[in-house]
């Protein structure tokens, strides 16, 4: 109950300031089209920054050796095309793109729940961010998780609205950022293998 009250108070306080910003810009926040805008913006901002106020999701693990699956150690698992949106911390404008996560199964032969990787991406995206930090945080979270992988590689590819709608107004440029941990760190062949997997999957995808 207290958390709900705090949330409502935050919405109220943010909405007040959005209303003030509209007035400073020369708008009338009482006109029909803008009457509910401060509340809508407040709720949207709270949703897009929810990672600041919630604990990191736990990564559920599955031990494949217990399921009779042999030769799983050293297998590369790739979760690709994880759509995400975040807020550029410099302009508070959207970053929209995809993240690909690869990891090498460790000696304990544990793998991560599919949806849990997606939740980790969304968790670190739900805050003011820069893409370079985002991929690092995702990589660290998975590398330090209970699956104990031998290596992690995270690739982010996104459009940044701060360059799309203002400044240079470039509609085509995207930012590619890569974070590596463990065996991926110093092994170019492993990194290239992941890039080849992504390229091959584009040509053979059923979706």
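Yeah, the Cβs are placed from backbone N, Cα and C, and that goes for glycine too.
What you are looking at is a predicted structure, and each value in this text was computed from that prediction instead of being measured.
Listed in Swiss-Prot for this protein:
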BINDING   88, 91, 162  Zn(2+) binding site
Within 10 angstroms of the C-beta of residue 162 (Zn(2+) binding site), what count of other C-beta atoms is obtained when all protein chains are considered?
-> 18
Other residues, Cβ within 8 Å of 88, 91, 162 Cβ centroid (Zn(2+) site) | 87, 89, 90, 92, 93, 95, 160, 161, 163, 166
For residue 91 (Zn(2+) binding site): DSSP state (helix, strand, coil) = coil
Looking at the binding-site residues 88, 91, which sits with the largest number of other Cβ atoms within 10 Å of its Cβ?
-> 88
